[in-house]
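Here's the structure we're looking at; comments come further down.
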């Protein structure tokens, strides 16, 4: 038995930030770039053994994360700096470990989570941006953020989100519990901030797509409630683009004592 095999297995959680614009999503896939594949490769180099990670939320192609949480198991005995600075040295520049925490055996990045929070960032200006073009969604028509805010409040609580669910969604149920949804303007940026126990596929982007129709004056404020009641995806607006969406935080029971960082995206006020 090798010295590595004699070491006890420990479970470690990491906070991950990434720019998803050059990846085909979080999940490892054959022959395409994924965030999971890059992270596992870097961790395996530091651990000197194969590492498999489990995440809180599998983001789609082009979607970003400032508050993704993962866990993995390893026999490798390393200082915390190895799992942060060491792993970051082996990662591409658009993925970074933000924190590390040793967690008990019952912790699971996905199944221990009690809520997930996303922010969708709209650059609301008649001319398109260049510097942040892969980190925001450009919408050239003027948006009334206060109108969007009022229209969105009907989504609070536990509801059937069939009208905002992708056709290919594999979830067993369309019911989700939305804890808050806020629409706020920061200068030229309009941010939709939504927190729920979980999300059906494309739920945030489908909600934002419809809210932009309300904000632009193309639909009345009451339209969001009508869509929710209709339970018909074909009645809602087109899915908003991926580049404006960020997974910004994941909630866990307090006894895990995971680090809490500023929400992000970092170019906006928290």
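Any Cβ shown, glycine's included, is placed from N, Cα and C.
Values in this document were obtained by computation on a predicted structure and should not be read as measured data.
The annotation active site, nucleophile is assigned in Swiss-Prot to 60. Around residue 60 (active site, nucleophile), the same-chain residues at least 6 positions away in sequence with a Cβ under 8 Å from its Cβ are 25, 26, 202, 242. Secondary structure from DSSP puts residue 60 (active site, nucleophile) in coil.
Residues or ranges marked as substrate binding site by Swiss-Prot: 118. Within the same chain, the residues at least 6 positions away from residue 118 (substrate binding site) whose Cβ sits under 8 Å from its Cβ are 193, 194, 195, 199, 204, 245, 246, 247, 248, listed in sequence order.
Taking H, G and I as helix, E and B as strand and the rest as coil, DSSP gives the region 'RNA binding' (107-111) the counts 0 helix, 0 strand, 5 coil. The feature region 'RNA binding' is assigned by Swiss-Prot to 107-111.
Taken together, the residues in the region 'Interaction with tRNA' (168-172) have a mean pLDDT of 87 on the 0 to 100 scale. According to Swiss-Prot, the feature region 'Interaction with tRNA' maps to 168-172, an assignment based on sequence analysis.
Note on residue 58 (site 'Interaction with tRNA'): other Cβ atoms within 10 Å of its Cβ, all shown chains, come to 16. Annotation source Swiss-Prot lists site 'Interaction with tRNA' at 58 (among others), citing sequence analysis.
If you look up Swiss-Prot, you'll see 78 (among others) marked as site 'Interaction with tRNA', on the strength of sequence analysis. In the three-state DSSP reading, residue 78 (site 'Interaction with tRNA') counts as coil. Annotation for residue 78 (site 'Interaction with tRNA'): spatial neighbours 46, 47, 86, criterion Cβ-Cβ under 8 Å with sequence separation of six or more.
The annotation site 'Interaction with tRNA' is assigned in Swiss-Prot to 110 (among others) on the grounds of sequence analysis.
Mapped onto three states, the DSSP output places residue 126 (site 'Interaction with tRNA') in coil. Its Cβ placed at the centre, residue 126 (site 'Interaction with tRNA') has 9 other Cβ atoms within 10 Å. The site 'Interaction with tRNA' annotation in Swiss-Prot covers 126 (among others), and the record cites sequence analysis as its basis.
Swiss-Prot lists 139 (among others) with the feature site 'Interaction with tRNA', giving sequence analysis as the kind of evidence. A C-beta separation below 8 Å, combined with a sequence spacing of at least six in one chain, links residue 139 (site 'Interaction with tRNA') to 122, 123, 124, 190, 212, 216.
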Surrounding CB atoms that lie within 10 Å of the CB of residue 110 (site 'Interaction with tRNA'), all protein chains: 16
DSSP-derived helix, strand and coil totals, residue by residue, for the region 'Interaction with tRNA' (168-172): 0 helix, 0 strand, 5 coil
Long-range neighbours of the region 'Interaction with tRNA' (168-172), counting only residues six or more past its ends (CB under 8 A): 200-202
